[in-house]
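Quick notes on the structure that follows.
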Amino acid sequence: MELIVALGLIVLKVALLIAILLLLPLPLTWLERKIAGHIQQRMGPMRVGWHGLLQPVADGIKLLTKEDHIPDDADRFLFKLAPILALAPPFVVFVAIPFGETVSVLGTEITLYVSNMNVALLFVFAVIGIEVYGVIFGGWAANSKYAVLGSLRTCAQMISYEIPMGFAVIGVVMLAQSMSLLEIVRAQADVWNIVYQPVGFFVFFVAGLAEAQRIPFDLAEAEGDLGAGFHTEYSGIRFAFFMVSEYAIVFLVSVLTVILFFGGWNGVLVPLPPLLWLLLKVAFFVYLFIWFRFTFPRYRYDQLMAIGWKVLLPLSMANIIITGIVFS
Amino acid sequence: MSHARHRVGAWIGWAFFADLASALALTFGYMFSRSVTMQYPDKEKWLPYPRYRGHHFLTRDEKGEIKCVACELCARICPCDCIEVIPYEDEKGNRHPAKFEIDMARCLFCGLCEDACPADAIALGQQYEFSSFSSSDLVVGRDDLLGKPGKARTGGGVVAARLNTEQDVLVETSEPQGYNWWRNIRRT
Ligand code: SF4
Ligand code: SF4
């Protein structure tokens, strides 16, 4: 009996997580277009629903009913595989992400995470790395010049940010003496990691921008010079997959930043429910992503690699060494 | 001395991303400034200036007779060849158009027909809302042209989109100098 309840709970949590992640792009696209509009002194969507609130729904219906076009010369297998490859990893990663300790519903304590892995951080980085293959395959399979250039840039940029990103979190792991995200948050109950690890945060966040392929590092899409980059040839539902994947990663990087450097669900001063604290902080970082997008220009990809190898990597290494010396 | 301080300041600014931060501050300020969007056709619409060249109209003289004498000068001068005039002669021997058709889909609103007309019979008016689903709907005949609104009398403003009659519009328009498009745009 207990086993069945536990199993049911897990299934329920996973279903809830998938539903939330699939619906996430709806509010996020609306927010993004609204913020973009107001930054450029426009209004953004206004016509569908109150202040365009139903615009994402209309867009979703449009995407679902549009022709799902596959180019003649495309590698059909990879072309169909790529959106799934891009979509699945961000979803899988959330299995290891905690959103809080426990809540009690009807007298039962329910944990706000699907699994508490002791190598959660490693798992996250390992799985999220696969997402890049979706982008690379998608650009390659479409057999279009723009798409190939987009995925080529992704290949070049991937290594240069993933290594500093991995190094940046080592400082956090050293402080918490654990790779479990739950332990990392517990270790920040008094002082958030940002106090000890400002450099780590900086490197992580910049690399996270590149990971989410957002401006200033959205080289793979680069609307200005590559059409739509790696998903130039995608349409309809497969294009929607890439969109969902992009927003899931934006959300993931924000959640990770909060968990690793900003104390997770630990609040300061104002006693709010822990989950609310977490969501508030995540919302701030999501806003930051959008704000950056409509402020900064795009870096050239040799500049991105120069930043990755010549700035972020030495910085993150120095961070590890100094953390090691100070806290040993 | 000040040069050295300037250099040090520049380096400190570089290290702490002063330029990026000021860019962020600028866009943040813009986010809370008023937007310049005119919400056409939901809330507001634009009123053309008097010299605006919109939909053609044909005029009548004091006796209510159509002014056009069907000389076909407008059809000749039209660079798009989009006016078709077929004349007839009435009992008194005056020429008038039996058929007067303008193909709006081809017209480029140059106003040459207005300039060429010896009888001041044709002119380009203020109406600009005549989109349609089929280009054959855009071939406008004589009687339609006689009913179209004339020259704009307002000075290019923005009024609520619900205002339909010219009288309403004239009452509402309070800015004789015309709408200042730049009044909400921050220039710092
Ligand atoms: S406005 Fe120009 S193009 Fe249009 S009907 Fe007159 S002459 Fe022809
Ligand atoms: S509108 Fe003027 S130019 Fe054209 S046929 Fe009539 S009188 Fe002649």
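Placement of Cβ uses the backbone N, Cα and C atoms for every residue, glycine included.
What TrEMBL says about a protein is an automatic prediction, not a curated fact.
In the three-state DSSP assignment, the secondary structure recorded for B:Cys68 ([4Fe-4S] cluster 1 binding site) is coil. Every protein chain shown contributes to the tally, and the Cβ of B:Cys68 ([4Fe-4S] cluster 1 binding site) ends up with 26 other Cβ atoms within 10 Å. TrEMBL lists B:Cys68, B:Cys71, B:Cys74, B:Cys117 with the feature [4Fe-4S] cluster 1 binding site.
Annotation source TrEMBL lists [4Fe-4S] cluster 2 binding site at B:Cys78, B:Cys107, B:Cys110, B:Cys113. Secondary structure at B:Cys78 ([4Fe-4S] cluster 2 binding site), as computed by DSSP, is coil.
As annotated by TrEMBL, domain '4Fe-4S ferredoxin-type' applies to B:56-88 (among others). Here the domain '4Fe-4S ferredoxin-type' (B:56-88) has long-range neighbours at 94-104, 106-108, 110, 112-113, 115-125, 140, 142, 145-150, meaning same-chain residues at least 6 beyond its ends whose C-beta is under 8 angstroms from one of its own.
What TrEMBL records for B:98-127 (among others) is domain '4Fe-4S ferredoxin-type'. In the domain '4Fe-4S ferredoxin-type' (B:98-127), the DSSP tally of helix, strand and coil residues is 5 helix, 9 strand, 16 coil.
The transmembrane segment annotation in TrEMBL covers B:12-33.
In sequence order, B:Val69, B:Ala70, B:Glu72, B:Leu73, B:Val85, B:Cys113, B:Ala116, B:Pro118, B:Ala119, B:Ala121, B:Ile122 are the same-chain residues whose CB sits within 8 A of the CB centroid of B:Cys68, B:Cys71, B:Cys74, B:Cys117, the residues recorded for [4Fe-4S] cluster 1 being left out. B:Cys113 ([4Fe-4S] cluster 2 binding site) has its Cα within 10 Å of the Cα of these binding-site residues: B:Cys74, taken from B:Cys68, B:Cys71, B:Cys74.
Counting only the Cα atoms, the space from B:Cys71 ([4Fe-4S] cluster 1 binding site) to B:Cys107 ([4Fe-4S] cluster 2 binding site) is about 19 angstrom. With a cut-off of under 6 Å between the Cβ and any atom of ligand 1, the binding-site residues B:Cys78, B:Cys110, B:Cys113, B:Cys117 reduce to B:Cys78, B:Cys110, B:Cys113. Of B:Cys78, B:Cys107, B:Cys110, all annotated as binding-site residues, the residue with the shortest Cα distance to B:Cys68 ([4Fe-4S] cluster 1 binding site) is B:Cys78. With respect to ligand 2, the binding-site residues B:Cys74, B:Cys78, B:Cys110 contribute B:Cys74 as residues with a C-beta closer than 6 angstroms to one of its atoms, given in sequence order. Apart from the site residues B:Cys78, B:Cys107, B:Cys110, B:Cys113, the chain places the Cβ of B:Cys74, B:Ile77, B:Pro79, B:Cys80, B:Cys82, B:Ile83, B:Ile102, B:Leu108, B:Phe109, B:Gly111, B:Leu112 no farther than 8 Å from the centroid of the site's Cβ atoms, the recorded [4Fe-4S] cluster 2 location.
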